[in-house]
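Working notes for the structure below.
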Amino acid sequence: MGDTVVEPAPLKPTSEPTSGPPGNNGGSLLSVITEGVGELSVIDPEVAQKACQDVLEKVKLLHGGVAVSSRGAPLELVNGDGVDSEIRCLDDPPAQIREEEDEMGASVASGTAKGARRRRQNNSAKQSWLLRLFESKLFDISMAISYLYNSKEPGVQAYIGNRLFCFRNEDVDFYLPQLLNMYIHMDEDVGDAIKPYIVYRCRQSINFSLQCALLLGAYSSDMHISTQRHSRGTKLRKLILSDELKPAHRKRELPSLSPAPDTGLSPSKRTHQRSKSDATASISLSSNLKRTASNPKVENEDEELSSSTESIDNSFSSPVRLAPEREFIKSLMAIGKRLATLPTKEQKTQRLISELSLLNHKLPARVWLPTAGFDHHVVRVPHTQAVVLNSKDKAPYLIYVEVLECENFDTTSVPARIPENRIRSTRSVENLPECGITHEQRAGSFSTVPNYDNDDEAWSVDDIGELQVELPEVHTNSCDNISQFSVDSITSQESKEPVFIAAGDIRRRLSEQLAHTPTAFKRDPEDPSAVALKEPWQEKVRRIREGSPYGHLPNWRLLSVIVKCGDDLRQELLAFQVLKQLQSIWEQERVPLWIKPYKILVISADSGMIEPVVNAVSIHQVKKQSQLSLLDYFLQEHGSYTTEAFLSAQRNFVQSCAGYCLVCYLLQVKDRHNGNILLDAEGHIIHIDFGFILSSSPRNLGFETSAFKLTTEFVDVMGGLDGDMFNYYKMLMLQGLIAARKHMDKVVQIVEIMQQGSQLPCFHGSSTIRNLKERFHMSMTEEQLQLLVEQMVDGSMRSITTKLYDGFQYLTNGIM
């Protein structure tokens, strides 16, 4: 949020090297480089060092930095601690490459003068090729990450670290887990190359700062505790959590908090004065954190926050800018841990609604939902809409979050709180003149609402402690009130003049609506999420907006998030990256496969947040609620075989099934029961829960031995074994595999970099990466690949282990 793209310097024409044949313009040399992208071993280390040293000399002249060291690495390339230093893209061509006259004495002594001249010529050519690759349009972020990981030369690493400033923020953000994992677990030169970019971006974006702090903590957790405490990752995390990286404009605003005369204060100034006077109480935030800490890791985090907060002047400084958001996240996690201690789903649901009702007392505040893609402030959580999701041992839950979109999170004021009892007046504005209230009176009534939350102190830990209190009856009255307000808003919008509609038109419209309206699920106390997930998203947004005191505001938005405690989402994040990369590859190669990667926020090694898939329910819920086969459910939802709606849903099913079958094969995704496969309103299937991938399986049983899950019910929806859509499915599988193996390196490097220093179960065993590469079948012809696809499809359909695992899940967890 609030990311600012670093504008690269305009590209200058690059002088072509003269080492290629006449008239070739060096094209053959460039083709040689592009054929071996990532194979850094073919480049002489001394040549790479010399080439990059020349570029870095130019950087030194541009930035006025410290001279380049003898190893080729800059001692101070980009001053990450400087706020106003200009960051420029290093696309300018370097100076003419110097001959290595001073360094060649030993080489000449060991060989003939002719051999030395030939070696110098070859080195110059290799130097030119490498630099031309780095400056070409082919050099994208994926290639930069590959060279940063594979290179052993500090000069190359430092050059690429500076090239990170040239790429779009969103492109680099995709590889943030890889960058931070390299920073933590690889040598110092890699860390020195990465840090300036991380520090610069943290100054620009509070959301980027939060992401870095969370990932650094999660990926450092696999280290030994004594090593972890003094590691570079821990030090960088402490720097981010302190106030050192606060944007300059926020630091300059602090003197404005000095006391002002009481006379003639405007309402806004009076509010500001109040927040300053309460700053002393709010600054003690860190000392109260330990009341809600539930494990030693959280306590350690709190100690770090406390130490950084004590140095702040209580009179003039607000708390660390990330402190309110961290408290908001910790309170959501604490709710999940408390829910897990309750025995029944109904008790968990009641407790969840009560806890969220108390949480609303501290909103609006300077907090946001990190899974969203735009700047906003959280203003309200409609607590009666929250549901507990299916889980045997834990208590993941789904909440909906009302936010107000803003241009810049850091500079926009926190919205004023609107009490719940003002819903009627805000939603029935057009009726107010009839009640004798003028427009001026109405405007005046809203302007007198004090903005008590327009500061960083809006989130107080003292009130979070109150969440320990159970209020089982809170949700009942709130639900009734919201229902009443919804009715009032509907009646208030009724037209004043009668409208006459023919009875035949009414019957026709009702019949059309019934034909296209999806069926609703019945409320099940053991599965309360089914009804909530089945409701169409747009209908849910309309309903919640009508019941919200903020719903009348034009920048009101509704978000949703799944909160998970006790689960390590680092594997989920890895799977998300692979799915996102495959999705990009198939789009680039124009293969109409469909998959739905959903965002993952890793909070710690055992907690996180997940972006829900809207308008989708699990196949288990479909079968349990409808008591129909998958094909019959399709017919019920989308119409008969020949309708356009059914044919469109069938095509969507085939394209998504083929896409996820390839994903499951390449990543070896396990635990594929019907509770982990969703079906959306358009007919797509979406696989969720990637907790068992690559080298791991549930309880290490190795139950699922087939390449992917393809049941007879899936084939029936496709039209049977002899249907055209089933042949289309196999053709898509072949096209998708051919396209994926063309870009194998982009997929493999995502996984390979994350294996560094990791103790995740998916990396157990020494052959994880080798087996992943083998599943791309680089040596096979297309005819052999076609035969392979036929064999995998046939084997998956006939797999006895798939049937056994589905039966096992039904007996142990009741999953149909």
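Backbone N, Cα and C define each Cβ position, glycine as well.
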Region 'G-loop' per Swiss-Prot - which of 380-386, 415-421, 541-547: 541-547
Segment assigned the feature region 'Disordered' in Swiss-Prot (from 99-120, 473-494): 99-120
Annotated range (Swiss-Prot: region 'Catalytic loop') out of 227-235, 668-676: 668-676
For the region 'Catalytic loop' (668-676), the number of residues DSSP places in helix, strand and coil: 3 helix, 0 strand, 6 coil
DSSP residue counts for the region 'G-loop' (541-547), split into helix, strand and coil: 6 helix, 0 strand, 1 coil
Local confidence of the region 'G-loop' (541-547) - pLDDT mean: 94
